[in-house]
Amino acid sequence: MGKGCLTATKYFLFLFNLIFFLCGALIMGFGLWLLLDNQSFIVVLNNSTAVKVACYILIGVGAFSMLMSFLGCLGAIYEIRCLLGLYFTCLVLILIAQIAAGALIYFQKDVLHGEMSKVVTKVLDDYPGNNSTTEQAWDFIQRKMECCGWNGGNDWNGNMVIVNSSRLLFPCSCQNVSVSSGNFSESGFCEAQTPDWPVYSTGCADSVESWLLTNIGVVLGICLGVAFIELLGMILSMCLCRNIHTEDYTKVPKY
């Protein structure tokens, strides 16, 4: 490989690693958002160990990707073969892990759906109306999506507050303003005047699943982009590593 091609390969590898660094930052940021956002459906699922593990995996993958891209940039600019070799090896491992994770999610999607349903059912049954973070998230979903319960308003029939109350209570965030009158709270429980609750007839399952699929599409799109960049990085790093004939560690900046 000529000197000009070697230089071009080196700077292309630097550019791709810069993009790879930004993609890693996006993945880590998405994982942090899932953990910290107090007004999304993920808050309702935070009681699920599987969801928390998935969030921490996203954060870890993003941070590791950023570290590897930094090593790739350093190895490319200063032509350090050991760093380029380490970078190539890590890219192979990350790519294998991504393929394995994607296959696991695809083949276990029914299990994930069942886990989500169980968590939501438990949230509805244990909803005490004390305005906790999880309850705020679920109230926000029902108000904004104009839905009630998971499959419908009957899902609230297992709630202990409603069952044990001598009054006709219903979740305030389910209130259908088009069929009810009066001022109701946006959270907790409200008293109904008739056995027919003035609530939305549709459940939140379809809307929530659509929201999740939309966000999963964003994640998958980012992962595919990262995988493409990884392949380019692997090719460029191998070409550069094979055409560096000497290791000059004096090129490493000293601090």
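Each residue, glycine too, has its Cβ placed from N, Cα and C.
Sequence annotations record features per position, and here TrEMBL assigns transmembrane segment to 12-36 (among others).
Among the features that TrEMBL reports, transmembrane segment is placed at 56-77 (among others).
Per TrEMBL, transmembrane segment is recorded for 84-107 (among others). Counting same-chain residues at least six beyond the ends of the transmembrane segment (84-107), those with a Cβ under 8 angstroms from any Cβ of the stretch are 57, 61, 64-65, 68, 71-72, 75-76, 220, 223, 226-227, 230-231, 233-234, 237-238, 240-241, 244.
Here TrEMBL flags 216-241 (among others) as transmembrane segment. Proximity of distant same-chain residues to the transmembrane segment (216-241), defined by a Cβ-Cβ separation under 8 Å and at least 6 residues beyond the stretch ends, is recorded for 1, 6, 9-10, 12-13, 16-17, 19-20, 23-24, 26-27, 30, 58, 65, 72, 75-76, 79, 81, 84-85, 87-88, 91-92, 94-95, 98, 102.
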